[in-house]
Amino acid sequence: MANERTLSIIKPDAVAGNNIGAIYDRFEKSGLKIVAAKMMQLDDEKAGGFYAEHAERPFYNDLKSFMMSGPVLVSVLEGENAIAKHREIMGATNPKDAAEGTIRADFASSIDENAVHGSDSAESAAREISYFFNEEEVCARTR
């Protein structure tokens, strides 16, 4: 089993719903450690850059607009198999398909406003973490 880091974003809908604490509680209870976090308001440049791989997709502008609609909480999570564990805790992208007890089943209202983002691979995690954090902002937790 590999100790990994993954990027997590609590999206504007979940922030507005005051679900940050409940979502963080699920991360920590699953064994993931929060090693970096910042609340931020994404602008067009930051949201567009983060989702650049989707620029040609029909949902791109709506996605950017949603991600700029309110503050987000961007975090780095660390732990054994953090990427897969985080994705399991999040649940399916569409909350209608998400398993009971997952973040999206409990806190998301639609496929568009689905509460959280998580890296889907080690490569994506490295790219996404470095997009929002510099090395000094990520603090290893040894105890």
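Cβ coordinates are placed from backbone N, Cα and C, and glycine is handled just like the others.
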Listed co-binder of ATP (same site as Lys11, Phe59, Arg87, Thr93, Asn114, source Swiss-Prot) among Arg5, Arg104: Arg104
Sequence-distant neighbours of Thr93 (ATP binding site) in its chain (C-beta under 8 A, six or more apart): Arg104, Ile111, Asn114
